[in-house]
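Colleague: Relevant sequence annotations retrieved from Swiss-Prot are reproduced here:
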BINDING   G10, S11, G12, K13, G14, T15, R123, K168  ATP binding site
BINDING   T31, R36, G53, Y54, V55, G81, Y82, P83, R84, Q88, R129, R140  AMP binding site
REGION    30-55  region 'NMP'
REGION    122-132  region 'LID'
Amino acid sequence: MRAIMVGPPGSGKGTQCGLIQSRLGISVIATGDVFRERMKTDMALRDIVSSGGYVSDSTTNRIVEDCLDKEDVSSGFVLDGYPRTLQQLDFLEGFLKRRALTLDAVFSLEVATDLLIERLRARSKESGRTDDRDSVIARRLEIYTEMTLPIIDACEEKGLLHRIDASKGIEEVFQSIKDVFDRVTI
């Protein structure tokens, strides 16, 4: 299965992808983790992410392509946090097509804004992540709405979208995702 996990910051993408990887054995490429690792040596990237800015499509595509080239994408993967724009989606579909592969599913984790803010504030206190400060949270949610919602619409038109109520408990959300995996991979 080749899938995408989308959702606003705080929707549980990382948590669910961790469960998918550990319980279903599917490789997960988490762009947020990749970016945080690269930020240790790339000051320009660190400045953009720390201020809540949006990393350009060309930079993001290059980073994801590097990751996908290192993974065996033919056996399946889940992308966490990518693509976030229509240009990135087009790039991904072209990348897969050049390898005679297709996208199988897109999971949209959906959560009310007030619950997202509550989750992100709690995460900031626990982890000290600089991208979870209130001012940055508001900007990240704004960027998500502007940039990523067209991805959801495009994937829905292609029949790939599976909306998941991510306001539920972790196990309930995982079961909803697993049910889709079971249906799609039959």
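Just so you know, glycine gets a Cβ as well, placed from its N, Cα and C.
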Colleague: Of the residues named as ATP binders, G10, S11, G12, K13, G14, T15, R123, K168, how far apart in Å are the Cα atoms of the most distant pair?
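Modeller: The widest Cα-Cα gap among those binding residues is 17 Å.
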Colleague: Hey, of the binding-site residues listed (K13, R84, R123, K168), which one tops the CB count within 10 A?
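Modeller: Output for this query is K13.
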Colleague: Could you tell me the C-alpha distance between G10 (ATP binding site) and T31 (AMP binding site) in angstrom, no decimals?
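Modeller: Checking the Cα atoms of G10 (ATP binding site) and T31 (AMP binding site) gives a distance of 15 Å.
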Colleague: Among the binding-site residues G10, G12, G14, G53, whose Cβ has the fewest other Cβ atoms within 10 Å?
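Modeller: Least crowded of the binding-site residues G10, G12, G14, G53, by Cβ count within 10 Å, is G53.
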Colleague: Check the binding-site residues S11, T15, T31 for other C-beta atoms within 10 angstroms of each C-beta and report the one with the most.
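Modeller: Checking each of S11, T15, T31, the winner is S11.
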Colleague: Highest CB neighbour count within 10 A among the binding-site residues V55, Y82?
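Modeller: Result for the most crowded candidate: Y82.
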Colleague: According to DSSP, does G10 (ATP binding site) sit in a helix, a strand, or coil?
Modeller: coil
Colleague: Quick check on the region 'NMP' (30-55): DSSP residue counts for helix, strand, coil, in that order please.
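Modeller: Here the numbers are 17 helix, 1 strand, 8 coil.
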Colleague: Provide, as an integer number of angstrom, the distance between the C-alpha atoms of G53 (AMP binding site) and S11 (ATP binding site).
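Modeller: About 19 Å separates the two Cα atoms.
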